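Quick look at what TrEMBL annotates:
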type	residues	note
BINDING	A:CYS83, A:CYS88, A:CYS124, A:CYS128	[2Fe-2S] cluster binding site
Amino acid sequence: MTRHAAAPTVAELSDLIAPHLHLEGPLLPILHALQDAFGHVPEAAMPLITEALNITRAELHGVMSFYHDFRDVPAGRHVVKICRAEACQAVGGTELAEATLARLGVAWHGTTANGAVTIEPVYCLGLCACGPAAMVDDKVIGRLDSVRMDALLAEAGA
Amino acid sequence: MKDFILPSDDRDMGTPAQTGAPVTLTIDGFDVTVPEGTSVMRAAAEAGIQVPKLCATDSLDAFGSCRLCVVEIEGRRGTPASCTTPVAEGMVVRTQSGKVQKIRKGVMELYISDHPLDCLTCAANGDCELQDMAGAVGLRDVRYTAPEGAGLSNHFEARNTSGEANPNWTAKDESNPYFTYDPAKCIVCSRCVRACEEVQGTFALTIEGRGFDSRVKAGGPADSFLTSDCVSCGACVAACPTATLQENSVIEIGTPERSVITTCAYCGVGCSFKAELNGDQLVRMVPYKNGKANRGHSCVKGRFAYGYAAHQDRILKPMIREAITDPWQEVSWDEALGFAADRMRALQQKHGRRSIGVITSSRCTNEETFLVQKLARGVFMNNNTDTCARVCHSPTGYGLGQTFGTSAGTQNFDSVEQTDVVIVIGANPTDGHPVFASRLKKRLRQGAKLIVIDPRRIDLVKSAHIEASHHLALRPGTNVSVVTALAHVIVTEGLMDEAYIRERCDWDAFQDYAEFVRDPRHSPEATEILTGVPAAELRAAARLFATGGNGAIYYGLGVTEHSQGSTTVIGIANLAMLTGNVGREGVGVNPLRGQNNVQGSCDMGSFPHELPGYRHVKNADVRGIFEQAWGVQIDPEPGLRIPNMLDAAVEGTFKGLYCQGEDILQSDPDTKHVAAGLAAMECVIVHDLFLNETANYAHVFLPGSTFLEKDGTFTNAERRINRVRKVMAPRNGYADWEVTQLLAQAMGADWAYTHPSQIMDEIAATTPSFAGVTYDLLEEKGSVQWPCNEDHPDGTPLMHVDGFVRGKGRFIRTEYVATEEKTGPRFPLLLTTGRILSQYNVGAQTRRTENVVWHEADVLEIHPHDAEVRGITEGSWVKLASRSGETALRVELTDRVSPGVVYTTFHHPDTQANVITTDYSDWATNCPEYKVTAVQVSLSNGPTDWQEDYAAQAAQARRILPAAE
């Protein structure tokens, strides 16, 4: 995940949008490209996307808000997604999640004050056999307990 | 009062009608035959069986989300949704079985678990499909209970029992003045979102979030309904099955108990509406599904902007005054009519028979217009009658009459569904004719191509999901050159439909025309320097139109309101004949008429040279028909046109005017000249709803009635005669036709009409194209398109089907003669004028409604380059000056207009854009050149002296003395 300190320019944004315009459903690839580049979909990109695809901001908002992974503000440096689906709940997932939130002093979707970690809920990571499970950035982790979670969070700098 | 409910079916059939080969199936034991492609739900409805539903409605394609309409089909597994399942031959359907009943009850139970049970205090009580369906499926209980220690998760309670805020709850959105969005009532059926997309084509709404978080949202994350792209057409409100999107009037007043079908009195589309009432209180206007012009759609004006009818500015008592410097005095009807009649007669005695005249209204009914011109011809005994069509579509009448033989559009609005290539020239349908624009946009989304010819980048050039293939952004005043250049490309590249021309058109005239357009001086390359349209773009557009299939041309005042208006209309007719595009579905030449009854007012003989049915007054046979019917001698000399009346008034030979439902001071060009003409008259009778600008110069004011208060007919742009029905008694005491009759009687006429149907009978008896029209026929058919006579007993949806009305279509040369109005060092910019969606014409009606939230003042659009060199910034006050006059208004910087062109609207009298416009006019018909004025724009501190003087004079002229009783 690369990161730009300054606000992205129109040219930067347009360069990320243009390569996808020939596709038959170009909106999701464009949103992915922007999020990959900036960690979120910058507000400045919205009018450029609606203009390029000739759609309204309502339609764009509908798609953006449907997919929880698209962000309109940057996340922390690391994103920890804790599974809240039934299998993980059955083996202590709820307690693990609540303890984690309490330890960091944030609510769901919240980011720690130092900007290191954002905690998000996720509904099943496909690791039902080895719950409680979580995903730190792009890496899935099973058989979590509070000790392992603490280690992960420490590694992430929270 | 009797309700006039037409026999046609108003039920919701669930999914749209289809066309296709017949398919027979069995539903609940009944055989039903429907077109292929029909849904099982609609087939059931055809058989009289309503399958329970929530997300389906017949104005929208099936969606299949609510799962309430499930049925069982023999031989198929599971329980398919009847809305998304097409019928098949021999299919056996059961809409009621233990299994589906149980499913429906379960689905309904889930819906109701997240819906407030406040039906008794709900605005949709009695008009709620959710309520109806709960009843239909037999829901008796909701078994979902909250987990221990917590409330049941829901969207409708602002706070839980402990007083904590409910994060799922969202406040009402009351930003739109006409309707309220209450998310608490929403069942997320998506009908509103789909209506905005499929019906209106604005795409302003979406479903935000997913799953339990889903909710309807206007615009982006930070938008409200008002700040979103929403155009307030009301399609979402009409589609909503609950109280989630509800008219504010229903919230305030309650659900209506009766309805009357009538016709909108705004633009020339002529939408049919159901006026829904409690007693004589109008609760809401709902677009009528079986209206053939609008097919169930509406715009913000017709749907919501009817508040002017009850506005405090409305004048309900007649008034007179000796001189225009005096205050008005309220008097009885008898006194006002006696005063007016005496003055008019005295003027005729002193200054001659032809010293007085009338102006008919394009907003009044056919019957009323007929009476006003009859007043001129049969009581005043002259032909001094004219109408506002003079200033809008008179070139259409002339141009189409000369080439095709009729003075009207060739198609019905349904025809747009068959078109492949559309040229829109000098029209802005999304603002001026919104319901037609929605139908056009739907066709464009299906793949039809669009060519826009307009100096300004109108919304049709590019907006959500539509984009014009070519936008020819010509310099104002060069329409003829562009149209002739299109013909040049078609002729020189051999793209014309020669077989069609040989069969249907005058071949000699074609050869002459072809020789004319072939001339290299008409080539796009040669005209580019004049028109500013790139030659390659114009060539591509011509090729597209000539070869792209069914080609239709829609045009508006941007064509007619020029020195060469008639020439451009002829050029358009030539283009249609050249490409074989007249006489069938999906093609044609379609003038988008401005006012609700401008077609009708022309048909009814409002022009000084034409008796009803476009027949010249010099024709003794035609005069004979009316002389016999009316028992008078008709003057064989054509009378004065509006500009001639004003000129004659200034000269002192024209002294008296009866002006019905028309504000010539604001709407006609060169305001100062109009004011001088009116001021020189000795008896100006204004018959209107409000003390309009013209009334500042009037001696008699006769209060008018609104379209809600009278019976009659309007004729729309597709020649469709629609009934206007009285939904309440006239607040001023008389319908307008009665007022004209009273004036005629006061002047000695023996008129004795007791109902407008008698006037229509007189029209039918004297006018061949209306020969078959009766109120009985209109009751039976809903509406009928003229000609309606023995040859066409059901009317004529498409004109010129088996050949042109005049015999052979006639090509006419279209030499371009540039306007005298030219830019120069003092006036380097070109001003062109137009309309905005929320306001209508001079704004007398819409300015007196909540529509002002969208447009509270006229603004001047200017290109940023032109603004920069003048030191003008966004929102600053500027002075707009021409050779005729000057005014001041605020500016908006936009690249919608090209450099060198500025644009404004004329909806507000305090701007008076027509102070600027000149008295140049069309060579054939005197239609004023509103669309081209050389101007200069400079920074200013505020209103000009003229505007301040005008405002002072208007205030002085509008004083009313208390009634002397």
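Here the Cβ of each residue, glycine as well, is placed from N, Cα and C on the backbone.
In sequence order, A:GLY93, A:VAL122, A:TYR123, A:CYS124, A:LEU125, A:LEU127, A:GLY131, A:PRO132, A:ALA133, A:ALA134, A:MET135 make up the list of same-chain residues 6 or more apart from A:CYS83 ([2Fe-2S] cluster binding site) whose Cβ falls under 8 Å from its Cβ. Those residues of the chain, other than A:CYS83, A:CYS88, A:CYS124, A:CYS128, with a C-beta within 8 angstroms of the mean position of the [2Fe-2S] cluster site C-beta atoms are A:ARG84, A:ALA85, A:GLU86, A:ALA87, A:GLY93, A:TYR123, A:LEU125, A:GLY126, A:LEU127, A:GLY131, A:PRO132, A:ALA133.
Using a 10 Å Cβ-Cβ cutoff, A:CYS124 ([2Fe-2S] cluster binding site) registers 14 neighbours.
If you take the C-beta of A:CYS88 ([2Fe-2S] cluster binding site) and look for same-chain residues 6 or more apart in sequence within under 8 angstroms, you find A:CYS124, A:LEU127, A:CYS128, A:GLY131, A:PRO132, A:ALA133.
A:CYS128 ([2Fe-2S] cluster binding site) counts 16 other C-beta atoms within 10 Å of its own C-beta, drawing on all protein chains shown. According to DSSP, A:CYS83 ([2Fe-2S] cluster binding site) sits within a strand segment.
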